[in-house]
Amino acid sequence: MTYTVIKFFSSQNQSERFAFLTEWYDPNASLLRRYELLFYPADGSVEMHDVKNRRTFLKRTKYEDLRLEDLFIGNKVNVFSRQLVLIDYGDQYTARQLGSRKEKTLALIKPDAVSKAGEIIEMINKSGFTITKLRMMTLSSELIQFITSGPVIAMEILKDDAICEWKRLLGPANSGLARTDAPGSIRALFGTDGIRNAAHGPDSFASAAREMELFFPSSGGCGPANTAKFTDCTCCIIKPHAISEGKCHFNMDRVNVEEFFEVYKGVVPEYNEIARHLRPETLRAIFGKTKIQNAIHCTDLPEDGLLEVRQSSVGILLMLQAHQ
């Protein structure tokens, strides 16, 4: 009798792993500690080594909340409740595979297209960009004349060859020409003419860096004032897991998060399974996963709305403003 042996090979190299040098701020010792983070894409497992003490900090363990697309220099990732900042590649292989062409650029939605912001952001996501920062603001007259006619939405977006790819998605500066030469572009779909052309993008790496510094200062400053009115408002925060899964952005550090949720300690957790049965069309029912990863936080008490919005106004993505 003859037997045929069939071998199945995974398309993912089982031994492939990517290495990063990371920093973690230890609040107890007030120190920055460095770790080597190893990520194995075949099974989504991670491993960590203490750089200073040259010892294993975390043995190889499967961790579902970290994805390959999260791993780029400058990003912050959470590994078992530790927020790690990726500061460098750990070896040449990782640098060659993941660090070749990643760029950041500025995406600016002009006043004439703010009402179409949802559609434009959806086009940005579908084109493979990662939105790393987003703010809605009103610029002063000293900056740009036309853009002062109303609020603008500024985003820092990330992709391979981001500057060129964003210009391609924008289309020609004149919206009339864009409708002829690039009918699927943002300016063709949402622009009116050469000035009211929906959105803006820098032409070079230098101008991108300069313009991003204006809207998202590296010094930690606020940049131009946002559009919050702080009247009849509630606070809506989309949680990190929903953002990383493409269900929608802003960053809060651990100290601010603990202070923000202090008032909710002792409150019964919002179980997403209950939400699915009682309110199947709600955001938590549709996008929630667990009682922690329940997609969204919102203000519970009317008197807390203004307090939470003011506390989060520098980085918040959504503030729901009541119609007068």
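Every residue gets a Cβ built from N, Cα and C, even glycine.
Just so you know, TrEMBL annotations never went through curation; they're auto-generated.
As given in TrEMBL:
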DOMAIN    14-102  domain 'DM10'
ACT_SITE  HIS200  active site, pros-phosphohistidine intermediate
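Secondary structure at HIS200 (active site, pros-phosphohistidine intermediate), taken from DSSP and collapsed to helix, strand or coil, is strand. Looking only at the domain 'DM10' (14-102), the predicted model's pLDDT averages out at 90.
The helix, strand and coil residue counts that DSSP assigns across the domain 'DM10' (14-102) are 10 helix, 46 strand, 33 coil.
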